[in-house]
């Protein structure tokens, strides 16, 4: 990708693309591996820091290329350790990246678009509409920024980022080429060396692109389902009017069958009080998914202003989970993380919170967590 400076941004180039770039400037293809390792393993954005690259080539790179990531606007840390970065992309829009630590695993939730065109009724990102696709550099740049923030390199066993999920702002399959390029860099040993099983793309159901995805890359697939019948899903996830459930699940099964290796589909289901959390919805879901190798992730709704929806009670959540368990499914309930910094699922809107209000909220939540911890010890 050529930036506003007229130079090629090397950050978003896959290894084959980097090889082509070096050939285009009269250099050997092996230089791609050297430079790619500097960029992604060590977070370098200055060609002069590349000590195994000769001075003449470094000067040529300065003339034709640059390494430019998104601009960090703010970083917040939740009381539970969740981190959220707000970054500004070339279009001027802001997007959000969220890091969720849990046990020995660290999951980075990456955005693919500024805003979203799908307008799912329970998601705050969709309420702002679509602004722009992110370039491959802006997608992988979120991993690059987070990795640098933690001061780790991919070769380390104890690296902070072990999993990446394309579940941030936007519909990844509507920014297909750039997202695929970024995921290839994530999995490349010269990039971040993340296992294909630990890179997950989440889609609301762009059926033709699910089939195309299976032809070009091997990553885990998650489906944002949220309703067990077409009538309700048409209302909650409007793209269902174009690609109804029968068509959508057929595409998901085709994708999973291509992967083999006992891979399964992750089904995401946001629970909305008195909307999709009733026993009949669980029974419909069991019937809908009976022929689909899958695990189900229930997501209690994370409130945001003017959404019109509420989070179900804990009893309602447990009841729904138990019914699915009895139906033979592996079911987990996602623990809400980062809601004190608006980093929970469905809350990403690319806004920068007022610093004073942000600090007050963080302190209040931290104090609450500390008091609850002390009470539990007593």
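In case you wondered, yes, glycine gets a Cβ from its N, Cα and C as well.
Values in this document were obtained by computation on a predicted structure and should not be read as measured data.
As written in Swiss-Prot, here are the features:
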type	residues	note
ACT_SITE	96	active site, proton acceptor
DOMAIN	102-342	domain 'Radical SAM core'
DISULFID	109-345	disulfide bond
BINDING	116, 120, 123	[4Fe-4S] cluster binding site
BINDING	170, 171, 202, 224, 225, 226, 302	S-adenosyl-L-methionine binding site
ACT_SITE	345	active site, S-methylcysteine intermediate
Open item on the list: I'd like to confirm something. Which of the binding-site residues, 123, 170, 202, 224, has a Cα closest to the Cα of the residue listed as 'active site, proton acceptor'?
Closed with: 170
Task: Residue from 109, 116, 120, 123 whose C-alpha is spatially nearest that of residue 225 (S-adenosyl-L-methionine binding site), among the recorded positions - done: 120
Task: Entries of 109, 171, 226, 302 which, being recorded positions, have CA atoms within 10 angstroms of residue 116 ([4Fe-4S] cluster binding site) - done: 171
Task: Rounded Cα-Cα span from residue 226 (S-adenosyl-L-methionine binding site) to residue 120 ([4Fe-4S] cluster binding site), Å - done: 10
Open item on the list: Are there recorded positions among 109, 171, 224, 302 that sit within 10 Å of residue 123 ([4Fe-4S] cluster binding site), Cα to Cα? If so, list them; otherwise say none.
Closed with: 302
TODO: Restricting attention to the domain 'Radical SAM core' (102-342), give the mean pLDDT.
DONE: 92
Task: Inter-residue Cα distance where the pair is residue 109 (disulfide bond) and residue 224 (S-adenosyl-L-methionine binding site), in Å - done: 15
